[in-house]
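Novice: After the structure tokens below, expect a handful of questions from me.
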Amino acid sequence: MEYMSILMILLNCVSFGMYKPGEGKSYKLEVFDFFVFAFFLVEMTVKMVAFGVYGYTNSYLRNKWNKLDFFINIAETFGYFFNILGIDFLLSQVFGPLRLISRVPSMRDVVTVLIDVVPMLANVLVIFLFVIHIFAVAGVQLWAGQLRNRCFLGDDIPTNNSMFLSPYFETQFDENVPFVCTGEGKSGMQHCRDIPPYQENGRNCSLAAPHNASAVNWGIPTVASHTCVNRHSFYNVCRASEKNPHQGVINFDNIFYAWITIFQVVTLEGWAEIMFFVMDAHSFLSFLFFMLVTVMGSFIIVNVCAVVIATQFLENMKLKSEEPSPGAARNTLPLLCRRFACWLRRFNRSNKVQPNAGQKGTLGSILTPFNKHIQTLVESSQFDYVIMFAVFLSIITIAVEHHNQPPEMTHVLHICNIVFTFVFFVEMTLKLIALRFKYFFDLNNIFDFAIVIVSVWELIAKSDGRLSVLRAFRLLRFVRLLHFLPYLLRQLLVLKRTIAEAGPLCMLLLFFTFVCSVLGMHLFGGQFISKDPQGDIIIERKNFDTLLWSMVTVFQILTQEDWNMVLYNAMTATTPWTFLYFVTVIMLGKHVLLNILVGIVVQSFQEKESSECVQDFSHVDEDFNDSVTSFTSETDPSRPSQSPLTSEKDTEPANTQEDNKPLTSIQQMLHWCKEHEEWAFCVFSPQNRFRIYCQRLIYHKLFDITVLLFILLSCATIAMERPGIHSESTERWILNMSRYVFSGVFLVEMLFKVVALGVFFGKDSYCSSSWNVMDGSLVILSVIHIIISLASSGENNMLGILKVLRLLRTLRPLRVIKRAPKLKLAVDALITSIKPIGNIVFICCTFFFFYSILGVQLFKGKFFHCLGQYTKNITNKSDCLSANYLWVQKPYNFDSLPQALMSLFVMYSKDGWVNLMYDGLDAVGIDQQPVRNHNQWMLVFFITFMVMSFFLLDMFIGVMVETFAQCQQQQKKENEEEASHDPSRNKPKKIPTQPPYYTYYSPMRRSIHTLCTSDFLDVFMAAVILISVLIMALQHYKQPLYIELLTEYSYYAFTLLLIIEVLLKILAFGIRRFLRNSWNHLDVAVVLVSVVSIVFIGMEMADWIPINPSILRVCRVLRLAKVLKHKKIRVLLKTIIKTLSQVGSICLLFAFFFFIYAALGVELFGKLECTEENPCLGLHRHANFEHFGMALLTLYQVCTGDNWSAIMKDTLRECRPTDIDCVTYLSHVSPMFFSSFVVMAQFVLVNLVVAAIMQALEDSNESNPTHFCLPLEEEEEEPSDNAGTSLRGSVGVLSNE
């Protein structure tokens, strides 16, 4: 019965896949759907009759899965009832596939555990919505209606001019990327005078507008001008229009749209564009608000949610796994393999027992004497080494293939392919002769057998090269090399274990994608349609028109790449409430199911190997070290010559001097060097007065402070560097002189340290510390830079060296690490994780290498397209060139291995992978114009890569969590050891017994104290704050007068209530006790800000300051966190607070790396220009490297992963003959710059935040706070001994505040 139900559900899913939106279902599908509905209705009826409906122990409705079936059947019944009435309610049938959950054991177990996580998930959702609501209310208060600002025509524009122009200025992208302006006298960054000039025939018009005073010629350049009127100067009045950016979706006009906008910012997709709109309309300082939203919302709150969901799921899964289970579905494949191997053994055994008489003359009998020799050969290590070397060479021949390679190279590679195919065919034949049917017992042999057969087939059939893709699978033979890399093998075993354990989760995720896709087909199918300027209908590529593209679109939403564009199209085509669909998909799919995968990876890393394995690894290391020592002693000629020399010197020095006179001077020199080993430069003895003075100097506190001050000043001068500084200006002279001064100071510092400590020899010599070696290297490079710059005197042959040294100068902030203890600790922890991170990077590189070779075989030479105005009828390169169009190559392509690696890295970072996938689907052939969705089978290449990238990205998190936990445990052990050595810490503190402080209060003050310590005041103030926030949420753009009055008067009333509360508590507890609690500080701040804002508004002074003080009234909503008494929410709040306290060193790391990369970015990309002739895709006036400040903001955008691939694409442009100061090596340096920064920022440092959050949550759970009356910062301080009464009194005071 169960198998029949599963079959019916799967057939029902197939019918959903055949559904086409807008056309309706065919008669056959309707009959089949009704048959499925009748089947499950009969099944439900039979079960109700068999088990009873309700009231019994095993009755039908006592089972939660039967309740789900009952709900689905009722929904479908209502759907058919509405259809009879003529109301289309096909949405009810979408939930039919949910029946599959209760009938697949693995999915049922995962969903059961997820249901148990729902209470904790609700608490996480409360905090998440709490943060979004705070920022949404603040956005409405600040920017309601400001994104509507457009540049309109002036009132005195002549009619004959205005009739040819639109009412307000529109860009070429219409309202998708509008020209948002700010009024005159406002602090926004874009005014109407910044509108680009009007163009005719591709040339700028420069004539001033006639006969109108308001249209002013705003200093338009006369270069390349044309004698025509600049009609754009008519747009000179900035005022609100009726539209908002992106079809009206992005705005802060009311709380609903503010929620949508803030939610998009939290997802880090398209948030920078929203920030740029606000900066244009309001102020440049608006970036602080968005950085706060991204840091608090994306890097902390979202990661807290991920950690809580993952850990809670794993805890429930462990409890579930302790219960007996009938068996897992994942054991099916190994069971089948074992049965197949057993069958082969039986077959082989039967052949041995009953040999045929006629086989004596066969080839097998002839080769029988050689079987032992062949088997010995096959099982020898030399044979494996030869085959692995051949595999290595064959992979190199595949890897060097590229587009437009010489014909000779193609011929050589073809011959190599034949040779290697023959080698592997011989290997397979020898193994078959030696092992016979045992050859197929090993899965690796089966895999090799398939590759050899495909290679031979390709050679014999002379195919077109499609089968050559399968030759790339030889890369997997490198798995055999992992026996020599045990640590890397451990990471791969973790990956394998993770994939195995995530099987049911992946099945559930696939099912979730299918259900959301079917729902999307019913909601948005056939509605994402637009028209181009020629009137042709264009169907958006991100659509829900078929089941395939609906599932691809849902998968794209789960990766959060360009999901906002799908949202804009959906809200424009249907209703704004469709936003809930996207929130559901992202919250359940991305933040729940995919975060459970994070937990599985972390658990796989935490399941460490047994102590025996650890000992084995240590033995391997010892053996390796011994072998290395013996090898060096045998191969290094200096060691055997020195050891006998020293032994002779110790035993018989006199005989040596007599027998061998040339050794006498050598021995004397060695003896002299040994005696002067502690001397600095072999000149300054340890007792030398100057050296003692230098030692006292370098160990003095003021010395380090002075050096740190000069380092910071040097960093400041580096931050001031930019390409726009004139070589003859005073600023350039000051920067050059400061460079000389700083280099001289650091050289003197190094000389003092070298004299005091010695250079190489000695216990604490200068070069014994790696930090000193780094300092000395940077100082020497600075001196060399100065010498070469002075010696070159403008010679061109030295410019290349000067550029390299100028880039190396940006590494000078590295010297801060040694002198900042917290930063040094964080860097040490990061260095500790280099080895496991290196293993993950190596796995990723192998993964990239494999897919790169596949990509080169599939797409080389196919990522070209014709660039022109009308390319609809262009089919190939010749048609494009004959039409005087450009045949250009896309920046991210698969023409060669380096290009493919760069493209795959962009996909790996989840930014721009959708456009790359579209390019791959459209690829037709070499020199062929792309055709939309030409080969949809290429989806397998891109989707499988993205699925594997989820696992590899989560492995970064697992490594960082494991490393962070080890560092934390080591730090705890050190603290415990210090505490054990310090007996004063172990002595319990005795608190004298004192009467409660309120003992001698007057009756009135005592009653006030009772009121302030009661729960009534907390509940009342919580209700007041909640009502205040809701009233603030009612504010919107163009609100009626009564809402404005309601908001104003309620604000006065709530401020008065807050003042009364603060005064009552000061009277009840006293000022000192009142100010002990940090939450009371927030209350006082809210009261003061509210009073100040009322004063400013009342005196009409709000326009005199850049920020409206009334915006800080939103701070009162933060007091809601204080009255949240639920245990789990308090744990989450404590986790967030602990995370914020521990993130300090991580923030220092962020600032450190940002500083270095920003300085490098200014040196490398500071001269890149974006013009109309050479437009940019990611760089513009808000995101560039023109100076240090903009470079920091641009790098923060790259760190969040928002459109960073387009920024790198702009830096990969080749120099044109007309470009001035264009750097030719940028196309080689840019990928290394951005890739290294993305790895450090997105994959390492951000995941370090996740590790800190996970450790903070573990600490919060260990403390297990049960005293909810305690404030968060004092929950661990419990009353003890005889001080219970007095402490309870003070705790009561603090608890209610």
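Cβ coordinates come from backbone N, Cα and C, glycine included.
Annotations for this protein, taken from TrEMBL, read as follows:
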type	residues	note
BINDING	Asp911	Ca(2+) binding site
COMPBIAS	629-646	compositional bias 'Polar residues'
COMPBIAS	971-985	compositional bias 'Basic and acidic residues'
COMPBIAS	1282-1297	compositional bias 'Polar residues'
DOMAIN	2-313	domain 'Ion transport'
DOMAIN	382-610	domain 'Ion transport'
DOMAIN	700-971	domain 'Ion transport'
DOMAIN	1016-1262	domain 'Ion transport'
REGION	629-660	region 'Disordered'
REGION	971-994	region 'Disordered'
REGION	1273-1297	region 'Disordered'
TRANSMEM	120-144	transmembrane segment
TRANSMEM	256-278	transmembrane segment
TRANSMEM	284-310	transmembrane segment
TRANSMEM	383-400	transmembrane segment
TRANSMEM	412-434	transmembrane segment
TRANSMEM	475-493	transmembrane segment
TRANSMEM	505-524	transmembrane segment
TRANSMEM	579-602	transmembrane segment
TRANSMEM	937-961	transmembrane segment
TRANSMEM	1049-1070	transmembrane segment
TRANSMEM	1082-1099	transmembrane segment
TRANSMEM	1233-1254	transmembrane segment
Novice: Counting only residues 6+ away from its ends, which parts of the chain sit with a Cβ under 8 Å from the transmembrane segment (412-434)?
Specialist: 367, 370-371, 374-375, 377-379, 387, 390, 393-394, 397, 400-401, 445, 448-449, 451-452, 455-456, 459, 471
Novice: With pairs 6 or more apart in sequence, are the transmembrane segment (1233-1254) and the transmembrane segment (937-961) linked by at least 3 Cβ pairs under 8 Å?
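Specialist: In contact, yes.
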Novice: Can you tell me which parts of the same chain pack against the transmembrane segment (937-961), counting only residues 6+ beyond its ends and a CB-CB cutoff under 8 A?
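Specialist: Beyond its ends, the transmembrane segment (937-961) has Cβ neighbours at 491, 494-495, 498-499, 502, 548, 552, 555, 559, 594, 597-598, 601-602, 604-606, 833, 836-837, 840, 843-844, 847, 851, 854-855, 858, 904, 907-908, 910, 913, 916-917, 920-921, 923, 1243-1244, 1247-1248, 1250-1251, 1254-1255.
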Novice: Counting only residues 6+ apart in the same chain, whose Cβ is under 8 Å from the Cβ of the residue listed as 'Ca(2+) binding site'?
Specialist: Glu561, Gly1201, Asp1202, Asn1203, Trp1204, Ser1205
Novice: For the domain 'Ion transport' (2-313), would you mind checking the mean pLDDT of the predicted model?
Specialist: 81
